[in-house]
Amino acid sequence: MIVLSVGSASSSPIVVVFSVALLLFYFSETSLGAPCPINGLPIVRNISDLPQDNYGRPGLSHMTVAGSVLHGMKEVKIWLQTFAPGSETPIHRHSCEEVFVVLKGSGTLYLAETHGNFPGKPIEFPIFANSTIHIPINDAHQVKNTGHEDLQVLVIISRPPIKIFIYEDWFMPHTAARLKFPYYWDEQCIQESQKDEL
């Protein structure tokens with residue numbers, strides 16, 4: 001709580017301006033619910049209260065459970081994502097580890113080792129409820145709901161915020177992959193670009 005008194009006859013204009021600026025900053029960051037507060041995470045939260053969006057991708061429901069940009073996390077980022085039947089991630093890679101925990105549904109993981117000039121033909125892995133997926137650093141991959149019900153996954157990312165390189169197909173050269181940073185769910189919150197680590 002901030003208490004200011006700016007109405008006395010002895011207040012200088014500098015004190016008044018500073019006090020008003022401090023008050024506006026306080027209200028913009030806390031009381032008015034800034035869209036991207038970096039105040040840390042409460043110990044307990046109801047996941048039903050977290051915002052969801054599809055970010056223009058039909059069939060996707062994305063929720064940032066804990067994030068570097070949104071919550072000030074430094075080592076890990078956690079998402080809850082739901083994919084409708086037939087929906088998928090883009091073919092992409094990133095310079096961080098990623099782990100999926102499949103909570104419900106089924107689908108297919110497409111994974112290509114990224115050691116040549118392009119990803120190449122991916123290996124297909126069936127995924128299902130209670131399975132986990134580990135994506136090695138910089139390996140191109142895609143997750144697709146190939147089942148008949150929603151595919152829901154908990155995604156854990158290391159080294160946030162992530163820089164994602166998107167491919168149009170599995171034979172697109174790495175040098176032609178499009179960098180997407182900040183990624184859609186971080187766009188409104190990212191405040192400064194960081195050096196690319198690839």
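Backbone N, Cα and C atoms are what each Cβ position is placed from, and that goes for glycine too.
TrEMBL: automatically predicted annotations, no manual curation.
Feature annotations, reproduced from TrEMBL:
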BINDING   H92, H94, E98, H141  Zn(2+) binding site
DISULFID  C36-C189  disulfide bond
CARBOHYD  N130  N-linked glycosylation site
SIGNAL    1-33  signal peptide
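Overlay of TrEMBL annotations on the structure.
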residue: H92; record: Zn(2+) binding site; Cβ within 10 Å: 19
residue: H94; record: Zn(2+) binding site; Cβ within 10 Å: 24
residue: E98; record: Zn(2+) binding site; Cβ within 10 Å: 20
residue: N130; record: N-linked glycosylation site; Cβ within 10 Å: 8
residue: H141; record: Zn(2+) binding site; Cβ within 10 Å: 23
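Ranking the binding-site residues H92, E98, H141 by the distance of their Cα atoms from the Cα of N130 (N-linked glycosylation site) places E98 first. Other than H92, H94, E98, H141, the residues of this chain whose Cβ falls within 8 Å of the Cβ centroid of the Zn(2+) site are, in sequence order, T89, R93, I135, D139, A140, I164.
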